[in-house]
Every structure is written in C-alpha cells, then in structure tokens.
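Notes follow once the structure below has been shown.
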C-alpha cells in the first residue's frame, strides 16, 4: 500500500509550515467493507471509540464516514468552560495541508452538554437535579482514524507524523506508517467481532419524567410568560426512560437504516453510549464562513405521497409555525452577527421543507464570514445552545424552562461534533433525536417551541412525533433479535 505523502514531501511540509503534526494516509478499496463492520473490527474491547456518518443523499453532505478512537480524553469536571481546554489543546498542534484528505483528518470528536451554557451565560446557572450523572463534556483527541469515501468506494487510513525536537523525522514517519499498516491489517481480517447480544425481552414500558399533564402545564406556564412580555418563545422538553436488552451498537446499526439523517453518530464512552440521528446542524466553520441551520416547524410524514405533500403545504401555510420560524431565524442572525462581519451575514435559505423518516421540518440557513479577532470557539459559544432548543430571548427563556424542568438536560439539546486541528475546521450538530444508553436503560428527550397561541395538546403530541423515530428503532431492533432467537431455538 502506497503512503501519501512520502517522507521527502513530509519533510518539506514540516519546514514550510513549521508543523509538528502532519497527516499521512494509505488507501484500500471499500467494496468488502461497511462502516459498521470497520467500526467493530477496529474497536473491539476499547473503552472509548466513535463512528460519525451522514446517511443522506448528496456528495457534499454524505461523502465520508469517520471511525476512530482517542489517544487522549478531555473530560469536563463541571467547574470551568470545557471549550477553553479543548481550544488550548488544538492550538498546540501546527499542521500542514495534505491533498486528498477529507475535511476532517484529526483533532477532537465529542460532545458539549446543554448545561454548559452556564459557562457562556452565567446567569443561567441554577441548582438542578443530575438524573443521568454524565460528564458535562467529553472530547476524544484522535490522530488515527479511518475515513470511508462513499463517492469513490475507498477507505482512507489516516495517521499523523508527530514531529518532536530531538526525534528524527524519519523515525516519526515510520511510526505513523506502522500505525496505518496495523489498522489495515485489522480491516482486512476476515473475523468480524460482533457485539455480545444477550436474550432480548419485548414489551418494556417507556416512562416520562413529567407525563402528559406535566408537559401541558409547562406549556401553559410559558404561555403566561409570553403573554406578560417576558419572552417571545421557549422550548420545554420531556425525557423518557426505557429499559432494553439490546447492545447499544446493535441499536445504532438499525437506527441508521430506519432514520437516515445528516448527522449519525455512535460514541462509546466506557460506561455509557450516545446514539444519534440528528437532522440539525448547530454551527459549522468552513473556509472562514460560519454556518447555522435553524429548524422550526414540524409535521408528520404522510402515509401516501398525496398526504405527505398535504402535510408539507399545511406547514408552509401555518401562520404559527412561520412566525415561530422567522423569530428563530432572527435569533440565529443575531448569534452569527456577534462574531461575523455584519455585511457578510446573510439568510442563504429561508423556510424550505426538508423531509426525514418520520417528520417534515421548516429549515433555513444563516451564515457569515468570521471576523479576524474571533475564533470558531467564539462562534460556538455565541450560537450555543441553538435558539430552536432554547427560545427567545435566549437567556431568559433558558432560565424559565430550567425553573420548570428542574433537571439537567445533559447531552440532549447540546452539541455533538468534530473540531479539526486546522483553525477553521468545525462541524457540530444539535443533540436532538439522540439517545443515551446507560446501565441497560435508553434515555430519549424531545421538546417543542411554545409561542403565544400554542395549543397544549398539539405541543405534547409534537414531542411524541419527534420521539417516534427513535422509539420505533428500539422496538423494531428488539423484534429483529427476538425473532432470530426464536428461529434458532
């Protein structure tokens, strides 16, 4: 297998860019591999690992799947801004551009919980029950990863030449080549170490933390605040907990087929797992441009093409949904313009329909060119959490919803994504349609935007619609494994 770039080219890149980490890679065909199989082969027995995918049509969105594990883990302790440490770590790396690599070839993969807003807006901090007990943020620092190029049906095996004073660059290059060859050997092994799946029982009941009456009370309370002029909009949520005998990776494998989404992810964090199919980009940094995708307004998918189109037309004609959406686009413009040049901030797309497996949404795009005195982390802090999961004005809405929910949201409505070694490389989604698996229980959470004319029953049903795709994935996966057990008995 040929390695790109070669040693001489790496030496030239290191000198030209004053780099201390340079990516190199080899390429193998992907015709006998899938991302799920590659993940299993590469991460057997590892306590921490990840797979990031985009299972949608369109090369610009879904070209690559990324698989890897960390060489070091950054875990938030609940005392200081977790992004500050991540920013310091990434700044220590000076890399160089290498042709032929995907947009992400090394850096950090992880999550930022919704409750980290207290570090960016201290007035939102208040005592809250910590039901799940997860770290506030976690980042996997990764130099070695596998990128599936779905456009060309190849696999790029990536490692980094770590250049250190006193260490010959030839030695560092050979160490990186050795890692690539070890990964190649694992990928080409005929053995697929399937997850250990115990006997699956059906019929476990899902339990809400607030119930139907509790959620409707949230809506009524927030409508009073809207009527009194305290806020324009807010986003309460409910969390459901459900036992399951499924291995969490088996659940992810099925989820990616029944709910293909722009942001698919499975992150294994030792004693808990994050399984997601998010439709919504939070913030992306691309060639100096900051991009945000507000999603607000939801209707179900129809059983027929005609019914599907009727639902979409109703959504586009809904005065309530359009008003709410415009409000959140304005909030997104404000968040983006705080870190971007005002004359470059624009609404690139306004209120288009995007269809997913179980729901349809109104979607817009807001973007701007990052100011020279700002960084991608400033952009993240400005936009986080998204107005679509918090409200408007954002800080007051967060305070009011926290006062009702009285629990930490954890990963729900936070962010999952990747931050490259390059200064302008960041791609994060909102952690919605996301499940947390811990100790044999799956936790799911969903909310909806409340405005002055919201109907309590409609809003409650909307949360159920948003939960449905993941609940269905759990139920269908359980049935599949139960049927396999019965047929082999």
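Placement of Cβ uses the backbone N, Cα and C atoms for every residue, glycine included.
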Of 289, 418, 433, residue recorded by Swiss-Prot at the chorismate site of 297, 298, 412, 447, 448, 449: 433
Given Swiss-Prot lists 262, 263, 264 for L-tryptophan, the same-site residue among 49, 54, 69, 469: 54
What Swiss-Prot calls phosphoserine, among 62, 105, 390, is 390
Quick check on the recorded positions: of 54, 298, 390, 392, 488, whose CB has the lowest count of neighbouring CB atoms inside 10 Å? 488
With Cβ-Cβ distance below 8 Å and at least 6 positions apart along the chain, what are the contacts of residue 264 (L-tryptophan binding site)? List them in sequence order. 52, 53, 54, 55, 252, 255, 256, 276, 277
Which recorded positions sit within 10 Å of residue 449 (chorismate binding site) - Cα, from 262, 263, 324, 390, 488: 324, 390
Find the shortest Cα-Cα separation between residue 390 (phosphoserine) and the binding-site residues 262, 297, 433, 447, 462, and name the residue that gives it. 447
Any idea of the Cα spread of the L-tryptophan site, 54, 262, 263, 264, as a max distance in Å? 6
